[in-house]
Amino acid sequence: MTTNSQVERKDFNDVMVPCYNPMEIIPVKGEGARIWDQAGKEYIDFAGGIAVSCLGHCHPVMVNALQEQSQKLWHLSNVMTNEPAIRLARKLTEVSFAEKVFFANSGAEANEAALKLARRWAVDVHGAEKSEIIAFKQGFHGRTFFTVTVGGQAAYSDGFGPKPGDITHLEYNNLAELEAHMSEKTCAIMMEPLQGEGGLISPTSEFVEGVRALCDKYNALLIFDEVQTGNGRTGDFYAYQGLGVTPDILSTAKSLGGGFPIGAMLTTTELAQHLKVGTHGSTYGGNPLACAVAEAVIEEVSKPETLAGVKEREQWFRDGLEALNAKYDMFAEIRGKGLLLGAALNEEWQGRARDVLVAAGEQGLMVLVAGVNVVRFTPSLVITKEEVELGFERLDKALSSLKK
Ligand SMILES: *Cc1c(COP(=O)(O)O)cnc(C)c1O
């Protein structure tokens, strides 16, 4: 038996594919919005595992759901269905526009299903020439080859050989450009209803309403990637509900499982019928453990008081960031919605978001970046006032150390 302390960060470089460069510390325990590393040092977690740990770490409702299901049934495959999967699908149809659900294991897989459904629908209903997927620059949709190619950063999809075709990238929030480009050849538009990885960019209501209208005009499907914005993150259960624009297909993951891997594609009965038996699938999709946890998570998150609490906490964060900015003058803008927030660095601090992340880590605070100019915050949706205050004390020290 090896103990945890015998494993160190330097071992990562020996045994792991080097596509990540993790922080020096190795967390070993989490509770609420706190985590502890191997040395017992405590951190306040404003990162939430990149918008995943929506109920914080080891929330009792998740632990109970997992423990209970773990003694009943772990896995079947889709040769058989299971109770947690059907119950979770039912709940997802109750909290959204959706009538049908496909389960996957990640955001990328949910998006892959969404894109394949759109293409299959177009082939079935309109013919093979209706194949163009329009997406937006700086958008992020995952790392499978189809989804990463639809994503708006060529650097992520270059260098892997021939790419999936007929994908167009346009500027987010530029309705005129989209209007000029669209045609009956457009199969679907895929977009985030608030760009996360791209720097916390909200769509204007003119843009998002215009996208819907253009999809209707040209018989194209609207796919909302709500992998990051979904499950209460923006203060509505799904961000589309706050925008008043309903997509045809929606992908969800990250906070859906609160830390247990699961993704889902939501759609209508009319569209769903195009993925008939044998057209798509996943061994683990709809896994009973994952679905039991997600069921407990969305029951908790969809409560009106949890969603109202997100809006309240957004204000705590905005107030905290504004106060620090008054003191240190580092941010040009605080943006985003709910607990998907970004502090965009001003001219003087351009390119230094990672320095803030590292300095915060030294003070015992976890934050994220979105690109090189935005410090991102995606904490637990139920983070306490005390945890937020302690986190801001540490962020204050971190910014102070950078100013010196
Ligand atoms: C994280 C993310 C994904 C990818 O999800 P994975 O679970 O990493 O595959 C896709 N879209 C958006 C908007 C995301 O934020």
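Including glycine, each Cβ sits where the backbone N, Cα and C put it.
As annotated by TrEMBL, pyridoxal 5'-phosphate binding site applies to GLY107, ALA108, PHE140, ASP225, GLU226, VAL227, GLN228, THR283. Annotation note: ASP225 (pyridoxal 5'-phosphate binding site) sits in a strand segment as assigned by DSSP.
Cβ neighbour count for SER282 (N(2)-acetyl-L-ornithine binding site) (all protein chains, 10 Å cutoff from its Cβ): 18. Annotation comment: TrEMBL describes ARG143, SER282 as N(2)-acetyl-L-ornithine binding site.
Sequence annotations record features per position, and here TrEMBL assigns N6-(pyridoxal phosphate)lysine to LYS254. Long-range neighbours of LYS254 (N6-(pyridoxal phosphate)lysine) (same chain, six or more residues apart, CB within less than 8 Å of its CB): ILE50, ALA51, VAL52, GLY107, VAL227, GLN228, GLY230, ASN231. According to its DSSP assignment, LYS254 (N6-(pyridoxal phosphate)lysine) is helical.
Long-range C-beta contacts of ARG143 (N(2)-acetyl-L-ornithine binding site), restricted to its own chain and to partners at least six residues apart, with a cutoff below 8 Å, comprise ALA108, TYR156.
Most Cβ neighbours within 10 Å, among the binding-site residues GLN228, THR283: GLN228 holds that distinction in the structure as shown. By a simple count of nearby Cβ atoms, those within 10 Å, the most crowded of the binding-site residues ALA108, VAL227 is VAL227.
For the binding site of pyridoxal 5'-phosphate, formed by GLY107, ALA108, PHE140, ASP225, GLU226, VAL227, GLN228, THR283 according to the record, the largest Cα to Cα distance is 25 Å, rounded to a whole number. Candidate binding-site residues: GLY107, GLU226, SER282, THR283. Those with a Cβ under 6 Å from ligand 1, in sequence order, are GLY107. Cβ neighbour count for PHE140 (pyridoxal 5'-phosphate binding site): 25 (other Cβ atoms within 10 Å of its Cβ, all protein chains included). Other Cβ atoms within 10 Å of the Cβ of GLY107 (pyridoxal 5'-phosphate binding site), summed over all protein chains shown, number 29.
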